[in-house]
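Visitor: Look at TrEMBL and you will find 86-109, 165-184, 368-389, 445-465, 485-504, 534-560, 596-623, 643-667, 700-723 tagged as transmembrane segment. The domain 'RRM' annotation in TrEMBL covers 197-277.
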C-alpha cells in the first residue's frame, strides 16, 4: 500500500516485522511526501500501527498478542535482545520468589522481639529489622537479652536463612547463565552476517586510491565481492547532521502548509528554520572551500570476500608476526609493493558509528573526564538532599541519649518521655507536652519522604544525562554505546540510591576529618531507624516509578489521542505519527531493574523486607513492560545479546556486596551478643576489626559465600568463552561453504549488505546534505566574489 512506510515481513508465521530502518533515505522521503499528499484515513493509520508494533499473524490476519497468555519467546523471532530482556526478568522473579519466601522466617523473628519503642519507630516496618532484636526495659538504664540461649537460636536461624538464599542466588546465576548461552547459541545458529565475510584494512594511502585497485590487490586471496573506501570525515558528519535535519524539517513543513492551503511565507516556524539554515550555509561558506565526497582522505578500507575461507586466509596472512612481535610482510603482500597493511575483524555496518571511528584516545579521555565531572555534580546534589534529612533527624534523641546516666538526658528529657509513649497517647499529647516532639517527628518523616522523591527525581535526571554523556564520549559502535548507557546509568543510580545514604551517615575516624561526619560508625540499632528506614521508603516508592506512570498516564493519554483526536489530522503522515508509539529503551530499563536488585539485596541481611519489595517490583515491572510492549511502545530496533551478557556478568557482585554488608550487620555485638574465642590466624589475615566479625559463625559462612561469588565470576567468563567458540564453530561449519553473493538478497531484507555509508539509511540523508551544500556553498561563494568585484569596481571609479 502506498501509504505504508517500509513493508511487513512474516517471520516464522508469528511476528510481523517492520523494515522502516532498512530503507534508503530516498525511499523514506518519498513515502513521507506521498503520505503528506494523501487524505488521512483511519484504516491506513491502524494498519501502520500494526506494522510498527509487535503483532502476530493468525490465519492471515494481523492480531494483537494476548498479554496474559502469550509467551515472550515470540520476541526472539524479531529481536534476540528483547527476548533476553524479558527472560532476564523472569529468571530474577524465580530467584527472588525463593529469597522472599525464605525471608519470612527472619521477618517473623525480628517482629516478635520488643527492643524498639512504639513512639520511637517512624513506621511499623521498622519492627521487621534486626535492630528490633532483644528487649528494652523502659525503667532501666541498660538493654539486655532476656534469654541468652534463645538469642543464640535466633542468631543461628537468621544467618542460616541468609546463607541459604545467598547460596541459592549464586547457584541460580550459574544455571540461568548456562541456559541463556544455550538459547543464544540456538537462536544464532545459521544466521548470516556481512561481517562474517569482511575485513577492515589499515595502511592504505590516504589519497589517489581507487576501489578497483584495492579489489585487484586482494583478489589474490579469492573473489572480492565489494570494496568500500572509508573516508576521513573529520567534522563533516557532525557539521552536516544539523543541516540535514533543518533541510528535512523545512521541506516537510512546506509540504504540510501547501497541503493545508496555508501560505509558507506566513509560517513563522518555517521562516525561523530557513533563517537557521541560511546562517548555517553562510558559516560553511566562510571556509571558501568546496570539498566533494570523493576528495576526502581515506581512513580505512572494508573488503568483503565472497567466501569465508578467503577472508580467513587473508586475515591469517596479514596477522603474522615474528618472535619480537613485529609484522613482517613480503613486497607482494604490500599495497603497491611498499605500503604495509594490517587486517582486522570488523563489525556490522549497522553497528558502526562512522562519525566516532576517527576520534583519538586523548579526545576520548578528555570527554570521559568531563563526563565524570558532571556525574560528580549530580552526586553532590543527592548528597545535599540526604544531608538535609540527617540534619532534621538530629533534633530527635537517640536511645543512648535517653538513658538515665546520659549527659544529654536533661536536655532531651521531655522528648525522651514522649518517645516512650504509645502511638495513641502520643497523638493525644501532640498539642500539649509533646507538641515540639511531635512537630520534629512529623518534620523528620516528611523530609524523609521528600528526600526519597528527590532521589527518584535525581535518578530520572541521571538517566537523561548519562545517555547524553555516553554519546558524548564517542563510542565506536551502537552495541558499545548501549552497553555504556546500561553500565553508567546502573552504577550512578546505585551509588545515588544505596551508597550515598550510607556514606553521608557514616562516622569513620579517618574519613570524618575531611567529609561525611555522620552519626553511625557501625550498623547500630539507630541506623535501621534512620538510614535503613530511608532506604526502605525509597525502594517502596520506586515500586511505581516510572513504569506505572507509563501504564496509568502515558498509555491512557495515547489511547485517548488515537480515539478522539484523529479527526484533527488532515494528512496521512500526521495521522501515522499519532498512531506510532514511543520508544522502548532496553538499556535504561535494565539499569533500573539492576539498581533495585542491588540496593534491596545489599541491605536485606538486616532489612529482610527489602527482598519482598524487590520480588513485588519484578512482578510489577514484568507484566507492566509486557503489556506496554504489546499495546503502547513501538518495536525497538534489533538488539543483540550483549546487554544481557553484561548484566548477568555483574549480577554475582550483588551477592558479594550483600554478604560483606551482612557480615558487619550480624557481627555487631550490640544486636547479637555472640562471643567466640579469638582466632589469631583470622586476625592476622583480616585485621582486628574485620577479623572479630569473620571469626563468628555467620562470618565464616558469609566469607565462604564471598569467595564462591568470586569463583562464579571467573566461571562465567570461562563459560562465555567456551560458548563463544562453540557458536563460532557451529556457524562456520554451517555457513563456510555459503557464498556472499548467494545470501546478499537475504541480508538486504534484514539489514545492510554493504559498508558503503551512502547505503546506510542513518547517514544517507547527511551525505545527501553534503552534496546539496556543495551547490549552495558554491553559489554563496560566487555571490560573495561578485559582491567583492562590484565593490572593487566602485572604489576604482571613485578613485
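Using the three backbone atoms N, Cα and C, a Cβ is placed for every residue, glycine included.
Automated prediction, rather than curation, is the source of TrEMBL annotations.
Tell me about the surroundings of these features in the structure.
Guide: Listed by sequence, the residues of this chain that lie at least six past the ends of the transmembrane segment (165-184) yet keep a Cβ under 8 A from its Cβ atoms are 80, 84, 87, 91, 94-95, 98-99, 102-103, 601, 611, 641, 644, 648, 651-652, 654-655, 658-659, 702, 705, 708-709, 712, 715-716, 719-720, 723, 727.
Note on the domain 'RRM' (197-277): mean pLDDT across this stretch is 82.
If one looks beyond the transmembrane segment (534-560) by at least 6 residues along the same chain, the residues whose Cβ comes under 8 Å of a Cβ in the stretch are 125, 386, 389, 448-449, 451-453, 455-456, 460, 497-498, 501, 581-582, 592, 596, 599-600, 603, 607, 609-610, 613-614, 616-617, 620-621, 624-625, 627-628, 631-632.
Outside the transmembrane segment (596-623) by six or more residues, the chain places 67, 86, 89-90, 92-93, 96-97, 99-100, 103, 106-107, 110, 125, 128-131, 162, 165, 169, 490, 494, 497-498, 523, 528, 532, 535-536, 539-540, 542-544, 547-548, 589, 651, 653-655, 657-658, 661-662, 665-666 with a CB less than 8 A from a CB of the stretch.
Sequence-distant contacts of the transmembrane segment (643-667) (same chain, at least 6 residues past either end, Cβ-Cβ under 8 Å): 81, 84-85, 87-88, 130, 155, 158-159, 162, 166, 169-170, 173, 176-177, 180, 482-483, 486-487, 490, 522-523, 586-587, 590, 594, 597-598, 601-606, 692-694, 696, 698-699, 702-703, 705-706, 709-710, 712-713, 716-717, 720.
Sequence-remote contacts of a segment are chain residues at least 6 beyond its ends whose Cβ falls under 8 Å from one of its Cβ atoms, and for the transmembrane segment (700-723) they are 159-160, 162-163, 166-167, 170, 173-174, 177-178, 181-182, 184-185, 645, 648-649, 652-653, 655-656, 659-660, 662-663, 666, 694.
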Visitor: Same chain, outside the transmembrane segment (485-504) by at least 6, Cβ under 8 Å from its Cβ: which residues?
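Guide: Contacts with the transmembrane segment (485-504): 375, 378-379, 382-383, 386-387, 390, 455, 458-459, 462-463, 466-467, 469-470, 516, 518, 531, 534-535, 538, 587-588, 590-592, 594-595, 598-599, 602-603, 643, 646-647, 650.
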Visitor: Could you break down the residues of the domain 'RRM' (197-277) into DSSP helix, strand and coil, giving a count for each?
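Guide: The composition, in the requested order, is 49 helix, 13 strand, 19 coil.
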